[in-house]
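Chemist: Here it is, the structure in full.
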Amino acid sequence: MILRLLLALNFFPSIQVTENKILVKQLPRLVVYNNEVNLSCKYTHNFFSKEFRASLYKGVDSAVEVCVVNGNYSHQPQFYSSTGFDCDGKLGNETVTFYLRNLFVNQTDIYFCKIEVMYPPPYIDNEKSNGTIIHVKEKHLCPAQLSPESSKPFWALVVVGGILGFYSLLATVALGACWMKTKRSRILQSDYMNMTPRRPGPTRRHYQPYAPARDFAAYRS
C-alpha cells in the first residue's frame, strides 16, 4: 500500500510537467529557391476556446521575432511582423503554418516556433524545439525561351530595323559623296583665283636731294 502511494506521488508531478508544456515539432531544414517558404509548426495541445499566441523567432538565441499571431479559434486572427518581415500564416488542426515571402540570402538562419496559452490560467508554453534551418538560395534569373509564335514579331522588327539601317547607310554615303564633291570644286576654284594675273601696286620712288641751281651771271657782273 505504501509502495503504491509513493509511486502515485512520483507519477503526479510528471503529469503536471507534461501538461504545462506543449510539444512542438518542426522540419529540421528547408531550402528556399524563390524567396518564399512555408514553415509548419505541429503542436500537441487543444487550443479550443483558449486565448493563445503563436510566434516564430530567428537566431540561435531567438533574438528576432519574425512573425506572430494572437487570438483564438472562434475567428481567423491576423498574422503580422514588427521587424520588417513579409509574413502571413494559417491556423490548422494542431498546426500553425507561417508563410514567409521576399526572403534574402543573409536571412539564412535557424527559426524556432513558440506556442503559448495566454488564457485561461495557467500560462503554458512549449519546450524549445530543435528549430528549422531555413537556407535561402540566391535567385538566378534564367533567360526565358521564346516560343515560335512569340518570336515572329521579334524577327519582323529585326528585318524592319535592318532595312532602315541599310537605307540610312545609303543616305549617309550619298551625303558624304556630295560633300566631298562640293569641297573639291571649292578647292579648284580657289586655285584658279590664285593663278589670275594681278596689277602691280604702286612702287616707291626714290627722290634725289634738291640742290638749287647757281646763277653764274651774277658772279660775272
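Cβ from N, Cα, C; glycine included.
As the structure is a computational prediction, the values presented were derived from the model and not from experiment.
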Chemist: Say which of Cys41, Cys87 is recorded by Swiss-Prot as the disulfide partner for Cys67.
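Modeler: Going by Swiss-Prot, Cys67 is disulfide-bonded to Cys87.
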Chemist: Among Cys41, Cys178, find the residue that Swiss-Prot gives as the disulfide bond partner of Cys113.
Modeler: Cys41
Chemist: In which DSSP state, out of helix, strand and coil, do we find Asn106 (N-linked glycosylation site)?
Modeler: helix
Chemist: Looking only at the domain 'Ig-like V-type' (29-138), how are its residues distributed among DSSP helix, strand and coil?
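Modeler: So the counts come to 3 helix, 62 strand, 45 coil.
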Chemist: Check the Cα-Cα distances from Asn72 (N-linked glycosylation site) to the recorded positions Asn38, Cys41, Asn93, Cys113, Asn130 and tell me which is shortest.
Modeler: Asn93
Chemist: I'd like the number of other C-beta atoms within 10 A of the C-beta of Asn38 (N-linked glycosylation site), please.
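Modeler: For Asn38 (N-linked glycosylation site), the count of other Cβ atoms within 10 Å is 13.
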Chemist: What's the most sparsely packed of the disulfide-bonded residues Cys41, Cys67, Cys87, Cys113, counting other C-beta atoms within 10 A?
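Modeler: Cys87, out of the disulfide-bonded residues Cys41, Cys67, Cys87, Cys113, has the fewest neighbouring Cβ atoms within 10 Å.
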